[in-house]
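A.B. asks: Here it is: the structure, laid out below.
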Amino acid sequence: MDRKAVAVLAVLVIMLSALLEGTDAQCPGVVSRKKWGARRPRARSPMRPKQAQRVFIHHTTGPGCHNLATCSRLMRSHQNYHMNNNRWPDIGYSFLIGGDGRVYEGRGFGVEGAHTIGYNKNAIAISFIGDFSKKKPNAKMLKAAQNLIACGVKKGLIKKGYRLHGHRDANCTSCPGNALYAIIKKWPRYGGKAPKFICRGR
């Protein structure tokens, strides 16, 4: 194999590795997969179109977290559950929000998720770590989610005319919890019930 062919092969290997591992998040202040200790995904499929048309808000239920170490541990726990129990290729969400006000990179922008039936191919999901059925997320969490959406729009990763929904607006679930849902209904671009409403497993 000549030097040119070797060089081309090396570039392809690097590109494939970046696709599988994910890249550093495009928005400032996001905790990368590498930093929280993510496993390598078994597969990654690009969203089509790559620009997200909708944003879905979720909550993880279970415990919350309030510092980098604890939130990173919960990120690894959620990823392990999604990959080992649900047999998904990676953590289901695009991004998660910790009680420390940090955004944690899940699958990231432009990657098909496993979060909202009927919308995994053209929407991102932002999941708040914790149970927000009765308790409201703190102000840092809410601001982090809004800043992430604004960054995504600015960078062309989320459509300017995107619609925002709670998970319950598309599927039979109480997610993202009554307390959080009451808040996001007042956010700009809230779109109410999604066009397709589906009641079944992912």
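One is the number of the first residue shown, and numbering goes on along the chain from there.
Backbone N, Cα and C atoms are what each Cβ position is placed from, and that goes for glycine too.
As annotated in TrEMBL:
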type	residues	note
DISULFID	C27-C151	disulfide bond
DISULFID	C65-C71	disulfide bond
DOMAIN	28-171	domain 'Peptidoglycan recognition protein family'
DOMAIN	43-177	domain 'N-acetylmuramoyl-L-alanine amidase'
SIGNAL	1-25	signal peptide
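Help me understand the surroundings of these features in the structure.
C.D. replies: Under a cutoff of 8 A between CB atoms, and with a sequence separation of 6+ in the same chain, the neighbours of C27 (disulfide bond) are V103, N147, L148, C151, G152, K155.
DSSP assigns C71 (disulfide bond) to a helix.
Confidence for the domain 'Peptidoglycan recognition protein family' (28-171), expressed as mean pLDDT, is 98.
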A.B. asks: When you measure from the Cβ of C65 (disulfide bond), how many other Cβ atoms are you left with inside 10 Å?
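C.D. replies: Excluding its own Cβ, C65 (disulfide bond) sees 21 Cβ atoms within 10 Å.
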A.B. asks: Rank the disulfide-bonded residues C71, C151 by how many other Cβ atoms lie within 10 Å of each Cβ and give me the one with the fewest.
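C.D. replies: It is C151 that, of the disulfide-bonded residues C71, C151, has the fewest other Cβ atoms within 10 Å.
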A.B. asks: According to DSSP, how is the domain 'Peptidoglycan recognition protein family' (28-171) divided among helix, strand and coil residues?
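C.D. replies: Split by secondary structure, the domain 'Peptidoglycan recognition protein family' (28-171) comes out as 41 helix, 36 strand, 67 coil.
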